[in-house]
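Peer 1: Let me begin by handing over the structure; questions about it come next.
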Amino acid sequence: MTGSNSHITILTLNVNGLNSPIKRHRLASWIKSQDPSVCCIQETHLTCRDTHRLKIKGWRKIYQANGKQKKAGVAILVSDKTDFKPTKIKRDKEGHYIMVKGSIQQEELTILNIYAPNTGAPRFIKQVLSDLQRDLDSHTLIMGDFNTPLSILDRSTRQKVNKDTQELNSALHQTDLIDIYRTLHPKSTEYTFFSAPHHTYSKIDHIVGSKALLSKCKRTEIITNYLSDHSAIKLELRIKNLTQSRSTTWKLNNLLLNDYWVHNEMKAEIKMFFETNENKDTTYQNLWDAFKAVCRGKFIALNAYKRKQERSKIDTLTSQLKELEKQEQTHSKASRRQEITKIRAELKEIETQKTLQKINESRSWFFERINKIDRPLARLIKKKREKNQIDTIKNDKGDITTDPTEIQTTIREYYKHLYANKLENLEEMDTFLDTYTLPRLNQEEVESLNRPITGSEIVAIINSLPTKKSPGPDGFTAEFYQRYKEELVPFLLKLFQSIEKEGILPNSFYEASIILIPKPGRDTTKKENFRPISLMNIDAKILNKILANRIQQHIKKLIHHDQVGFIPGMQGWFNIRKSINVIQHINRAKDKNHVIISIDAEKAFDKIQQPFMLKTLNKLGIDGMYLKIIRAIYDKPTANIILNGQKLEAFPLKTGTRQGCPLSPLLFNIVLEVLARAIRQEKEIKGIQLGKEEVKLSLFADDMIVYLENPIVSAQNLLKLISNFSKVSGYKINVQKSQAFLYNNNRQTESQIMGELPFTIASKRIKYLGIQLTRDVKDLFKENYKPLLKEIKEDTNKWKNIPCSWVGRINIVKMAILPKVIYRFNAIPIKLPMTFFTELEKTTLKFIWNQKRARIAKSILSQKNKAGGITLPDFKLYYKATVTKTAWYWYQNRDIDQWNRTEPSEIMPHIYNYLIFDKPEKNKQWGKDSLLNKWCWENWLAICRKLKLDPFLTPYTKINSRWIKDLNVKPKTIKTLEENLGITIQDIGVGKDFMSKTPKAMATKDKIDKWDLIKLKSFCTAKETTIRVNRQPTTWEKIFATYSSDKGLISRIYNELKQIYKKKTNNPIKKWAKDMNRHFSKEDIYAAKKHMKKCSSSLAIREMQIKTTMRYHLTPVRMAIIKKSGNNRCWRGCGEIGTLVHCWWDCKLVQPLWKSVWRFLRDLELEIPFDPAIPLLGIYPKDYKSCCYKDTCTRMFIAALFTIAKTWNQPNCPTMIDWIKKMWHIYTMEYYAAIKNDEFISFVGTWMKLETIILSKLSQEQKTKHRIFSLIGGN
């Protein structure tokens, strides 16, 4: 606990208003520096609507009482380090008090925080005590601003207390309450408040408590501060059995890495360490751990020195202030009082400047990211994270305990036991592995795994490390390795080479911290319902990632395509489609005797036996250096659990693969592949025959589905096999949580099977990879797409009040809604009714425009780049793209795409290869039951017809096609042509180019059968063939034929479909041209569109330009049409008709601002025509030579747009000072962004001259009032 393991610290302070962001930041800094367990603050001046403004990192539990007006207001802040459990809260509606009852470490505590009004304070407090009499007990503390002294010593004038105060003291005495400060300091003359009008000191802030609590009060003191005109009071309260609830594990502060001085100091330290300590007597493993210890100490020292330097002046002034106030309280003196006021003002200015810098840095970060698909937007919509604090747990007896010590013991013992069950039956492991055939890597592949680790591999891994992630136990972050890459990589290389030779890791590589993440929707009082995630040291992760990258190159040879989890190029929806195909096949079958089982594994990653894993790797042919390093990794790993912020005692990890290690998923898949191979090879476990293929399994890591015929025999043999596998591997299944679909025509047999199978029989649905698999495929829409619509409606309803513009809302749709929808489209591309898309579009548009009338037409927003890069997704086209992309898999004809060949239909599986860019089969029948592929085929043909494309004979028609096979060309000839020339007919050459394009083509002629050559020549030189094949392929054809990977496939098809189904829309830029009575060329329109995208890196700034160009703003003319009224005159009161160009430019009340802008341009020596198209649309004259100043002009113009929009429908004239303030805001934000992004030179080029002109136009009073000071010049 804060400060000690035996007491808590409580602070009380009147903050005198928190409506200023600077004041709130200063309060946060002060509270963090004091680090109390509980902080009571008064006079927040926040209203009921402003409660969200009071946020302090590390003090998430904040209880507030606020009124409707900006006065009074109290709050109690409880540190995250304090295990406080509230049981009752009472608030005053006017915000004068709040009472919170609760407990800390099972000791009861009641805190009443009071702000008494200036008049009648004693009577008010007395009334509060009367109202809350039943809640005040022997565990009560009352504190706050009482606005009255309680004793003679509480005033510097020694004036007697009045009658009301005497009555209050009497009431306190009757309820066994005492002034704790005065009791512990009976003769002290320290005060908390100075009254300037009366020139007197007084102690009107108090901590009052029950007499029973006095023995627990360790000490209390008054703390001078410069946040307000009050001093704070601090109380230390003893709590029995108080445990340290937070660990003090060191973690590198990444901000230090950005400090140039710190960076140079650390570079020198790293260089000196290795030069001094690298020798033959010290192993690289020990040297590396010693290096990290030295670095840790150096960072701590540098951070302490930096903080000391930063606070030296503040500490000096604070000491002076404390001494002067002490003297002033004893003997008042006017000159001393002036000195105190001066020091307070100086301290306030220093703190304000520091706070302002922090605020601007923070705002700059948001300035760059706000409304973009980035973290701020994600935070706005993310679900409230499950609380990681574990306050209750079921112990081994099944009883719920809240005792922190017992919770720690229960959790630690459970996970210690979980990871301690190491099997020693090595012979049984060998026997099991020898029973089944496993794939093996060849010598060349093994040598590839065992090649020496290189520096380039280490650099590539360091560059790819995700940033802003929690580090391992050593505290070093990914940013540390990236910042000192040049210095660290040479030694890391030597370290890894030493590990390769010796098979020994540094001790720190074995360490890990385990954090427990609650499984969603599970009972969190059960210790097994948490997911243990290992936080490993980054250096260990670098080594493991190198190993993972190497094995990943060969993983497809070792792992069957049934497994799609963590395998490159494989996707989860492959197995969903396969499962749907199997279910459809069973639905169609007349004789049903099948079962589909979704197997739930019990702590799968944590129970895998490490000896079995190592033996499996060896069985696959993996040996040598690669296996030696893996053996070393699993030699003696340890972990400590971080529970409620406290690090528990470490224990060994004898089983399992670490969740959080980059190598673990692949190692787990390799182990589970042994079981998968065994299931496939066991003939007594009969799968389901789909055409020529027997389908038994689908896996995504440990999520397994098994498809079986003859359930009684097959399921029993499956369970027996899994039981045998469990004995050697540690893998176990939870049969009660495993679910199954049972299909049988005979009710008696079905009942028998249900009685013998231990699985839960599902009657309607089974959830698999986020999709509801249904017992009958006809229910797929009902169980998946209808709930999806409901979920989206609920989400958008939850998000309706988020502080986000329409542009940000479009990005939320793209970031949070579109991926969900596409995943459903991918997994279940069935025919959807139009009502689904209508409802989906209606919901998203309602969210984007926040229940209001749309300002910009959907057709304009949906067109790419028409809205400055803010493109509204067209869900129907995404659906069409997802459905059609199956054709790419047909053309590729990959062996791994079993899901694509096994759909029940009248088409034979081998025919899919000949569907697109091939000769149509006359007798082809899809059949009425074709659920997915027929729908793809119909969409494919429809799009080809739309494009007027020949879908059958094209430049991408394959040599191994029906066109060539129907010529009775020998397979050997086809193979020879493919090996020597390519896979398409165009590669052979058509017309006069037939087999004469290259010397290799001519040489291939001699290798093929003469009769085949004659047939081929006849076909390839035919006029019809030449016309249809010898042409430039279209973009549509290239999408399906030229890309070897399906990465980005949907986006490519979608972008092409947007062009195909493009609709004519009103061009807003042409409307501007009409309003301005002029013509814009294509170049002008392109310039305006480009300007929307490039005018600023901040979307918050770009949004104004987008809104202006897209004609977003309502005008009197437009409103008159909407409301069907006759009043279309300018809202500013000039009397003219309020068209859009009038409101932005022509209005005589707006013109003075634009003339001021042009005066600034002349001061910048820029001669630009006084033309509205330039500031409003960014269309500069073609002969404008000062292109380098366009960035400067753009900032000025956009600031002017903001200023005009601010008074859009008000009878006010936009002022020059408002325009300058907006410019300065943009300037300040870009300044901090430029420093952070190392773009300061270009920033200076844009702003330097303009900064000088702005400062020259303002008086010193204006500069001070609006805090406008030079940032580039620094004066």
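Each Cβ is built from the backbone N, Cα and C atoms, and glycine gets one as well.
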Peer 1: Gln482, Gln646, Gln659, Gln772: which one does Swiss-Prot list with Lys519, Arg522, Arg531, Asp600, Ala601, Glu602, Lys603, Ala604, Phe605, Asp702, Asn734, Lys737 for the dTTP site?
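Peer 2: Within the candidate list, Swiss-Prot flags Gln659.
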Peer 1: Can you check which of 56-59, 508-511, 700-703, 980-983 Swiss-Prot lists as motif 'FADD motif'?
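Peer 2: Within the set 56-59, 508-511, 700-703, 980-983, Swiss-Prot attaches motif 'FADD motif' to 700-703.
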Peer 1: If you pair up every Cα among Lys519, Arg522, Arg531, Asp600, Ala601, Glu602, Lys603, Ala604, Phe605, Gln659, Asp702, Asn734, Lys737, the residues annotated as binding dTTP, what's the maximum separation in angstrom, rounded to an integer?
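Peer 2: Between the most distant Cα atoms of the dTTP site, 22 Å.
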Peer 1: Can you tell me the CA-to-CA distance separating Asp703 (Mg(2+) 1 binding site) and Ala601 (dTTP binding site), as a whole number of Å?
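Peer 2: Rounded to the nearest whole number, the Cα-Cα distance is 7 Å.
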Peer 1: Given the binding-site residues Glu43, Lys556, His560, His561, Asp600, find the one whose Cα is closest in space to the Cα of Lys519 (dTTP binding site).
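Peer 2: For Lys519 (dTTP binding site), the spatially nearest of the binding-site residues is Asp600.
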Peer 1: Return the single residue from the binding-site residues list (Ile559, Ala601) that has the minimum number of other CB atoms within 10 Å.
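Peer 2: If we count Cβ atoms within 10 Å for the binding-site residues Ile559, Ala601, the smallest count is at Ala601.
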Peer 1: Specify all same-chain residues, apart from the site residues Asp600, Asp702, Asp703, whose Cβ lies within 8 angstroms of the center of the Cβ atoms of the Mg(2+) 1 site, ordered by sequence.
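Peer 2: For the Mg(2+) 1 site, the extra neighbours are Ser598, Ile599, Ala601, Ala604, Ala701, Met704.
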Peer 1: Starting from the Mg(2+) 3 site formed by Lys556, Ile559, His560, His561, give every other residue of that chain whose CB sits within 8 Å of the mean position of their CB atoms, in sequence order.
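Peer 2: In sequence order, the nearby non-listed residues are Ile555, Lys557, Leu558, Asp562, Gln563, Ile567, Met570, Glu673, Ile896.
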Peer 1: Quick check for you: of the binding-site residues Glu43, Lys556, Ile559, His560, His561, which have their Cα within 10 Å of the Cα of Ala601 (dTTP binding site)?
Peer 2: none
Peer 1: Pop the mean pLDDT for the region 'Endonuclease activity' (1-239) in here, whole number is fine.
Peer 2: 91
Peer 1: About how far apart, in whole Å, are the alpha carbons (Cα) of Ile559 (Mg(2+) 3 binding site) and Asp702 (dTTP binding site)?
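Peer 2: About 14 Å separates the two Cα atoms.
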Peer 1: Please list, for the motif 'FADD motif' (700-703), how many residues fall into helix, strand and coil according to DSSP.
Peer 2: 0 helix, 2 strand, 2 coil
Peer 1: Looking at the binding-site residues listed here (Glu43, Arg531, Asp600, Asp702, Lys737), whose Cα lies nearest to that of His560 (Mg(2+) 3 binding site)?
Peer 2: Asp702
Peer 1: Give me the non-local Cβ neighbours of Arg531 (dTTP binding site): same chain, 6+ apart in sequence, Cβ-Cβ under 8 Å, ordered along the sequence.
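Peer 2: Counting only residues 6 or more apart in sequence, the Cβ neighbours of Arg531 (dTTP binding site) under 8 Å are Leu516, Ile517, Pro518, Lys519, Gln659.
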Peer 1: Near Lys737 (dTTP binding site), which residues of its chain come within a Cβ-Cβ distance under 8 Å, counting only those 6 or more away in sequence?
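Peer 2: Counting only residues 6 or more apart in sequence, the Cβ neighbours of Lys737 (dTTP binding site) under 8 Å are Asp600, Thr760.
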